[in-house]
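Take a look at the structure below.
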Amino acid sequence: MNYLHNFKDTLFVDLLEVLNIVTIGEEHVNQLNLSGDASLSASSESSNMSFNSGSEENSQEKSVEDLEKQNCEINIHKNSDKEADTKKDPFLVTFNGEDDPLMPYNWSTNKKALIIIQTMLLTCVNYMGSSIYTPGQLEIQNEFHVGHVVGTLNLSLYVLGYGLGPIVFSPLTEISSIGRLPVYMITFFLFTMLQIGCALAPNFAGLVILRFITGVLCSPALSTGGATLGDIVSQNYLALVLGLWSIGAVAAPVLAPLLGASMVVAKDWRWIFWLLFFCCCATMLLLTFFFPETSSDTVLHRKAARIRKLTGDNRYYTEKEREEAQLPKKQFLIETLYRPFSMMITEPIVLAFDLYIALCYGAFYLFFEAFPIVFGGIYHFTLVEQGLAYFGFCVGCIFAYIILLVFSIKVAAKRFANNTFTPETTLILAMCIGWCIPLALFMFGWTAKVHWILPIISEVFFVLGCFNIFQASFSYLAICYPKYVASVFAGNGFARSSFAAAFPLFGQAMYNNLGTKNYPVAWGSSLVGFFTIGLWVIPFVLYKYGPSLRSMSKYNR
């Protein structure tokens, strides 16, 4: 019973409800009087869950006591602004005050921690899918007789897919009747099943198509994961939690090549996808039982739906349902699907950070082209040793998160305490740490032949900058556009994934054309480094002009 109470909006419990095995509610209705002031009195009952006996003998004789056993909770909305609106609406379903345990913000710490861990795990598994392929690329090229650029399509199209997916999926998660959970579970289930197709692909064209589709399907976890964390974590701690989530987002694609290399050495490239399939199955099992719906609008929608079902009265509604019902479906779809692009084009803040993050993300995936040149071509590392060379990024994640903690405690927390915190406070982190990215690119390029440890050290600096710029920008965007955070992240995901998909395609050609015998990756890395220096001015500009830009935004009202 305790499990059903704490995880009632999980996929497993949803199935139990659909099959009428359990009936779920919060508090029951004692008396409903729609005359006069439309008053409603409610009482509580010790049990919140009731199992159906399967018998329907007394189903035709429901009384008030029967309704009491259905455990419904109805909260009354009251507008005190005008005398005419003082009457209560018994059909408006809301949270039962700010301390309502049904509200995601008020869930227990243990429950929130479990959701955070599962969100990180889901993100890790999906991000692994991008780079776990790279150790097997040469084998795939040889088996299907394709060149390097064509072989790289399996990486690029996967990354492009999870940039395109959020344009459709992220707005859907903002619809109260859908929410986050169905989008997560349906897409991840299909993603898991298609790994079997990748492992058994008979030709290269089929593999490329499946990789693109799986990239699209994995996108909800990557783009909406931050919104899920924002559903349950207050703004005071959101930056820290997003930092933890981002560790998984960075660590997964850099650890995946080591796992992929192990599979290639032990078996062959097809076992890369079998390994990913098994990881997905384990994750899917955990999410089925312990990952609940987190969107507050959808939690209320589910509450209202249960009341409608148990009372047989379809007049119960939520404010969000009423808003969505009044908007024509065609217009609603246009707005939700068009909004990420609209905000990217019309909002200078969104556009600026989309460009900055896209370049950083593209530079990150450029390392997957540079590593074989440096560690394979210069130092003759084996396939597994090349996978180990990515550990510099993991070390960088640890130091980067420490910097984030220090900033949050020493700067952000103090400004929260004395009420001087503004969205621009988060930009201080990006302003102070942005120099690490160009330094890392220059260091990686010009010290590649000095000693193998120096390029690995440059990975640490790259993550120090990239990680904290991501945290600063995502926190800033989330605070500036709280109502449309999923759409903002969807547009950002499209921008950065487009860059990340393109960089591996021209990466090797760029290094070959710009490189010299003594400096094979120097000028190529430096070219990207110069662009990162130019975009480093963005947080400085927004720190000064951000408030005025936000005041003019129609999405910030």
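Residue numbers in this text run from 1 along the chain shown.
Using N, Cα and C of the backbone, Cβ positions are placed for all residues, glycine too.
Summarising the annotation, Swiss-Prot assigns N-linked glycosylation site to Asn33, Asn48, Asn106, Asn418. The compositional bias 'Low complexity' annotation in Swiss-Prot covers 44-57. Positions annotated as region 'Disordered' by Swiss-Prot: 44-67. Per Swiss-Prot, transmembrane segment is recorded for 113-133, 149-169, 181-201, 204-224, 238-258, 271-291, 355-375, 387-407, 426-446, 450-470, 484-506, 521-541, and the stated evidence type is sequence analysis.
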The transmembrane segment (426-446) in contact with the transmembrane segment (355-375), cutoff 8 A, at least 3 CB pairs, sep 6+: yes
Touch test for the transmembrane segment (484-506) and the transmembrane segment (204-224), at least 3 Cβ pairs under 8 Å: yes
Spatial separation of Asn418 (N-linked glycosylation site) from Asn106 (N-linked glycosylation site) - C-alpha basis, Å: 24
Segment-segment contact (the transmembrane segment (387-407); the transmembrane segment (238-258)) at 3 or more Cβ pairs under 8 Å: yes
The one of Asn106, Asn418 whose CB sees the fewest other CB atoms within 10 Å, among these glycosylation sites: Asn418
Residue numbers, six or more beyond the limits of the transmembrane segment (238-258), whose CB comes under 8 Å of its CB atoms: 116, 119-121, 123-132, 134-135, 222, 225-226, 229-230, 368, 384, 386-388, 390-391, 393-394, 396-397, 401, 404-405, 408, 412, 426, 463, 466-467, 470-471, 474-475, 478
Contact ranking winner - 181-201, 204-224, 271-291 against the transmembrane segment (113-133), Cβ under 8 Å: 271-291
Candidates 149-169, 271-291, 355-375, 450-470; stretch with most C-beta pairs under 8 Å toward the transmembrane segment (181-201): 271-291
For the transmembrane segment (271-291), distant same-chain residues with Cβ under 8 A (at least six beyond the ends): 7, 10-12, 114-115, 118, 121-122, 125, 128-129, 132-133, 135-136, 181, 184-185, 188-189, 191-192, 195-196, 198-199, 259-260, 263-264
Same-chain residues near the transmembrane segment (204-224), Cβ under 8 Å, at least 6 residues beyond its ends: 119, 122-123, 126-127, 129-130, 133, 140, 144, 146, 150, 153-154, 157-166, 169-170, 173, 180, 183-184, 187-188, 190-191, 194-195, 197-198, 249, 486, 489-490, 493
